[in-house]
Amino acid sequence: MLRTFCLIFTMLISALSATASAAEDFDALINQLPHKNLRNITPLLEKIAAQDDERVRFVLTEIVNGDLYYLKSNKQVVSIRKTPDGDYQLTAIIGEQALENQSKSAMKKIRTSNRIRSDIRGLLAQLDLTHKKEAVRLAAVKQILDDPNSESIALIKKHLKTEKSEDVVQLMETAMAVNQFKTGSVQEKTSATKALKNSLEPSVRNAMVQELNRLSEYKNSELSEDDKALKAALTKAIDSIKQKRSIYEFIENLFFGLSLGSVLLLAAIGLAITFGVMGVINMAHGEMIMLGAYTTYVVQQLFPQWIDYSLFIAIPAAFIVSGSVGILIERGVIRFLKGRPLETLLATFGISLILQQLVRTIFSPLNRTVAAPEWMSGSWQINPIFSITYNRLYIVIFALAVFFALLAFMKRSSLGLHVRAVAQNREMARALSVRSDRVDAITFGLGSGIAGIAGVVLSQLTNVGPNLGQSYIIDSFLVVVFGGVGNLWGTLVAAMSLGSFNKFLEPLTGSVLANIIVLVGLVLFIQKRPKGLFPQKGRAAE
Amino acid sequence: MINKAGSPLLEEENIQPDTRHGVILYVEDVSVSFDGFKALNDLSLYINDGELRCLIGANGAGKTTLMDVITGKTRPDVGKVSFGQQVNLLDMDEAQIARAGIGRKFQKPTVFEMLTVFENLELSLAGDKGIWTNLFHKLSGEQKDEIDKILQTIGLQKERFMLAGALSHGQKQWLEIGMLLAAKPRLLLVDEPVAGMTAQETERTAELLTSLAGEHSVVVVEHDMAFVRSIARKVTVLHQGSVLAEGSMSEIQTNPEVVRVYLGEDQGAA
Amino acid sequence: MKLKKLIAASSIIATSMVAQMAYAAETIKVGVLHSLSGTMAISETTLKDTVLMMIEEQNKKGGLLGKKLEPVVVDPASNWPLFAEKTRELLSKEKVDVIFGCWTSVSRKSVLPVIEELNGLLFYPVQYEGEESSKNVFYTGAAPNQQAIPAVDYLMNDIGAERWVLLGTDYVYPRTTNKILEAYLKAKGVQDKDIMINYTPFGHSDWQSIVAEVKKFGSAGKKTAVVSTVNGDANVPFYKELGNQGISAEDIPVVAFSVGEEELSGFDTSPLVGHLAAWNYFQSVESEENEKFIAQWKKFIGDDKRVTNDPMEATYIGFKMWAKAVEKAGTTEVDAVEQAMIGITVPNLTGGTAVMNANHHLSKPVLIGEIQENGQLEVVWETPDTVIGDAWSDFLPSSKNLIADWTKPVNCGNFDITSAKCSGQNF
Amino acid sequence: MIPQSIQDLFKKFGSLPVVVGCLFITTLYVSVCNLAFSEGSALHVSTYTVTLFGKYLCYALLALAVDLVWGYCGILSLGHGAFFALGGYAMGMYLMRQIGDRGVYGNPELPDFMVFLNWESLPWYWAGSDSFIWMIFMVLAGPGLLAYIFGSMAFRSRVSGVYLSIMTQAMTYALMLAFFRNEMGFGGNNGLTDFKDILGFSLQSDTTRIVLFALTALFLALGFALCHFIVNSKMGRVVTAIRDSESRVRFIGYKPEHYKVWIFVVSAMLAGIAGAMYVPQVGIINPGEFSPLNSIEMVIWVAIGGRGSLYGAIIGALVVSYAKTRFTAIMPEAWLYALGGLFVLVTLLLPKGIAGFVPSVLDKFKQAKKDKSIAEKRAAEVKS
């Protein structure tokens, strides 16, 4: 803090005494950069920041983003951009002469650490208060709000008059108000409290709590009327904030539950077909998921330049890969085990071992990197305390999409009809000239294919490694059984409710216990409803 | 704790239906429905002690469901079912009902395929069905003679050591009836005994059943009208889950209702 | 096809047996006890390869005591009882002279009784919870005081952290480390309400709630830091969630003790730049030995993308020390080598020297590194001098009085300095 | 006359004497060759082999337990690992207490892991764990009780087939997670280990190992005899009948659920014994034993050996475990291929497993003959 303080100070000074010599100073300072290390770079940066030079912001930003390098050869400071063909395009900070592209080995990074970077951000924030982009200004004010000091507040006050954008103004006012708690009189504090009682900014709450704690140290008798008023206002404001927060926390948990649920759904739904419809206990289901994940990896390796679209290629690819492996398994093994569901368990278990070892041999036992496309990373900040991560959001949507697509397929398409027909009465279906063998193969392929798609999704959330499948197989079975075998809707409800239970329990019990409780609950539930949530009723069922 | 799991039902071994009014089975105003579809529609039926009753009716008329209700497999939504006057079957489970003396033969023969004919009968013998007794059970002379007797009755002496699974369809039917007899039931419920039997097999089955009537009460469900005609003294016609008509075969055949709904369909089906 | 395999297998048995007959006399057998299948294969196969590489190099130099080294590789398949069984096989059937192996604490615990019974020699190359010192084991990984404590110091002094989240997988290493840290932090005057401890099951894959909790905990106005002892597989989903929920290293830095180059090579690190890891070795450290080692490794494994990591360095040091000790003792006989080991020094890969101390633990430098886009870790802080591994933590009431010293006169793995007696051990 | 009676004996006991005989001979051979002959001699059997065989025999007993419920009663339990592990933990707790003050912290009362979690005193469920008798009781009661509670709930509400299998799996999975928790007081992931001695005999001495080995063999023999007796009693026939057609059994007046619970409990106890013998020989018990994959593997032993045949189960366990040991040693990189392939091939080519290799026709014939003899025997009894 102190550091920032003096550095702002120097900066203001220098700003006043901006001379023609500024430019050279700046160049001189920049050229010192290569000679500094982590311990002694900060003062230099402060000096640079203090310069009144339009390149300052650029340089600082480059440093924060880790794009500022210097050439090993002549210690020239440059900022770099990666070019499609692997090496780097350089822009000299000083002078305009063009530089030819270089490989990384030719240059060295100007190193920083968290502390240095956050200091720089502090500086940038103050520079950015006048940035032309609104978003940048907003971010800047936010930065200051989170860790304010008299100078930055002063700056805000200065820019508040000229600020156009509503949001920025609002945030600036919040910042000012928060500042009141540090500097203002009791009346100002009280009014600030009233003004802020709807703000969800964490820093607001912290400021209020701090103030309240300060007041609570005195006995009521020692407090003046104003203090009392302030205290009451604070208590009220904090409560109302707490309420709002708890609401958002509930929504948050719900979303977490659903997103976990949709992961379970994706993992289980393929099984709901192979196991639910065909009655095959497919222990290799997890490995089908794994294959899907590895397919994503391969796709990304094949088209490194299209990471953002890789998933759209990976989804059909994974479906085909896992699907065809599934068909192979069905043709090669499972069809010889008709009417022996428990034997399928054993055979497919053997297959799962083989598949795992196979990927170990091909891809090595190490996890594989699957990059997240831009549009799937980051989160959607709905308000200061509630945000939804994009990948989870898309996954929920995607899972439901897959589910309903499948549902439509089973209900509408003639193939789906055949599948259900064979599932219910093989002989009769055959009599009606349904080629049950073909249908079996396709059904199994379909189930496996969907597992593959699940793999694509999981590759965005967790390890892509040989054990990926194992960690989901048990959950998948539980979901299907809980929902009621042979009932897709059941699978949906089961997945979502299990997910939500888990997520609402977790904050109370911790994740381990939450898992256990859910499992035990499940076992008990099945004792009550031996055929799951949505059993097939009637005499046919027995 | 094992003991509890073993044979908690000893006291029920000597349940005797009270049949002073000559009626051994009361089924009163029973209704059953599977998701909306009414399988039984407040049906009432009384079986007299020692009589041979035939139940006929189109598919879905509720014959099998009725059997299920009597043997405790299906719980009726409403109604009263009692064995004799006092034994309320509705609060007993299958096993208890069976021990109380109601035997049932299924539509498609169900025997223990992996056991021999002899063992099938051995298991069905009346007596303690608890675990410990069976763990140390030894076949007594009487029991053995009894099994032989039954083997004779059902004509399977030669096959006694064959796996039941290896028997012909008809033989299985008989074995199952034999298993009923071994249990010495007061009331036999026989579901389509002659389905898939040759002419003379059918004939012998007819004799067998008629011979049983008297010391046992027998309820036969059958489609084969010829067969019914050959054994029936009294016939009950079910239709859409309730009793349509009841009486001797001739009465039934002349009953216009029946002719319309049942015999009509029967010709259609045949 | 499988049948072929079986046949192949049996033929291999035959040949290998013959081979044993032939070589038994003039080779020194080196047992390699790392899981090649199951959940731990992901980490342990690398170490197996490292040992093989070292052996190959040693043989190029003409082996040891004029004998060639012969590796004996077995697969305990991440199954703890199997570890014990395989150890027995290595020692009593294969008659190996030394074993390099184990990763998880439980595998070490399972091996320990067998090793002690058959008086074998085990080099354990992974950072662990301490609270142990066996005559037959040399611990070349970091003890808590060589990783956790310096890391916390760094966060406290350089980053200015005041609020602490201790995240860990629910097993003995995180439990111990967190107990030690908790004690340490309290000693430094951190209050209970400023410490949040959370344990997750193995392979925990859904971190939404926990990360959100951390975020809330961190928004209380004080600088917050996360100390993660989360184990291997669970890290990827953890960091992905961190990235997505936008917890940047500048707001809430996460320092990890079980995440190294290899784990990082398993996922896209761009959202994690600036988060920290504490180890005794980083691939990025510049020193001749290191460059030589990295080059050798890439050549051996035939993959230019493969990275090196701390347990590999530990294995490297362990092997070098063993070789040196054997030369010194002039035999591979365990007791002789065990005594010869103590005080042995070899250059470590970070430009310093590693010393084997009397408590069978190494002296190591402690480095703190920041994660870079390329999955490497850049040193931002290091201890001025090497730190001596402490078998028994001074911050745990149960062990503060214990020391380990395998030289005369103490010659005990858990010597109680108050009662001046060797508690426990019945050997 | 004597020969006649011997014949009767065979008719009566079938494979029993053979199996017991083999066990006896192996034990004798192993123990003599391990103790009598020195390291060098060709006849010597290494301690490694002894413990290995000991482990196999435990697995065999476990397989027997699984076969009893699956092969004869048609209950496919994917949770028998839980019973095995519970038995193991009961033994482990006892051994843990036997360490006394020889633990690293030298605390006479508490096992090391408790000292280190700085627990003040033993949790209540450790009470009595230092008594050998109590241990024996717990080895049986622990698994038995769990099986009884789970079984009576599941079978009464007629959970059957795949549903049951998945539920048993969920059960063992939940237990695994629970035992992983350090708060549970069972040592968490590290489990219980570093055992010193049992009833004062050092676990590291060869004699103790041989004795343990012999005991395991004995228990296996007894277990086999017990199962053999059960499946050949009338009760056994009821159980088989339940497997073939549960509802029929019900309609002739039996209560299948009671029989199922009973057999499930017996099987669980056998598994518990197996676990208890396993722990002192491998020297560690940890939550990994609860893992669902282990339970599946047990089922596979039985499937490979031949479900519905007691000696088949034993063979299966031995074959698979041995294959595993060999493969992991000879082809560390590829053994999973071999093992997986083995599973697939056996299920495809030998649906009845190794024991059922003989064509089923022949089987039936044999069966009929056996029953005939039995019946004749009965006839004889009746006459006498």
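From the backbone N, Cα and C atoms, a Cβ is placed for every residue, glycine too.
Owing to the predicted nature of the structure, the values given are computational and were not obtained by experimental measurement.
Quick look at what TrEMBL lists:
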| type | residues | note |
| --- | --- | --- |
| TRANSMEM | D:16-37 | transmembrane segment |
| TRANSMEM | D:43-62 | transmembrane segment |
| TRANSMEM | D:69-91 | transmembrane segment |
| TRANSMEM | D:132-150 | transmembrane segment |
| TRANSMEM | D:162-180 | transmembrane segment |
| TRANSMEM | D:210-231 | transmembrane segment |
| TRANSMEM | D:261-279 | transmembrane segment |
| TRANSMEM | D:299-322 | transmembrane segment |
| TRANSMEM | D:334-354 | transmembrane segment |
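Within its own chain, the transmembrane segment (D:132-150) is flanked in space by residues 79, 82-84, 86-87, 89-91, 93-94, 167-168, 171, 199, 261, 264-265, 267-269, 271-273, 275-276, which lie at least six positions past its ends and keep a Cβ under 8 Å from the stretch. Residues 62, 135, 138-139, 142-143, 146-147, 150, 161, 164-169, 171-172, 175, 179, 186, 192, 231, 236, 239-240, 242-243, 259-260, 263-264, 267-269, 271-280, 285, 287, 289-292, 294-296, 298-299, 302, 307-310, 312-313 of the same chain lie 6+ residues outside the transmembrane segment (D:69-91) yet bring a C-beta within less than 8 angstroms of a C-beta in it. Here the transmembrane segment (D:43-62) has Cβ contacts under 8 Å with residues 23, 26, 29-31, 33-34, 37, 80, 84, 206, 209-210, 212-213, 216-217, 219-220, 223, 270-271, 273-275, 277-278, 281-282, 298, 301, 313-314, 317-318, 321-322, 325 of the same chain, all six or more residues outside its ends. Remote same-chain residues near the transmembrane segment (D:334-354) are listed as 300, 302-309, 312, 315-316, 319-320, 323-324, 327-328, 360 (criterion: CB distance under 8 Å, separation of at least six residues from the stretch ends). When each of the listed stretches D:162-180, D:210-231, D:299-322 is scored by C-beta pairs under 8 angstroms to the transmembrane segment (D:261-279), D:210-231 comes out highest. Below 8 angstroms of C-beta separation, residues 13-16, 19-20, 23-24, 26-27, 30-31, 34-35, 50-51, 53-54, 57-58, 60-61, 64-65, 67-68, 72, 201, 239-240, 263, 266, 270, 273-274, 277, 280-281, 310-311, 314 of the same chain, each at least six residues beyond the ends of the transmembrane segment (D:210-231), sit close to that stretch. Listed by sequence, the residues of this chain that lie at least six past the ends of the transmembrane segment (D:299-322) yet keep a Cβ under 8 A from its Cβ atoms are 15, 18-19, 55-56, 59-60, 62-64, 66-68, 70-72, 76-78, 80, 220, 224, 227-228, 231, 339, 342-343, 346-347, 350, 352-357.
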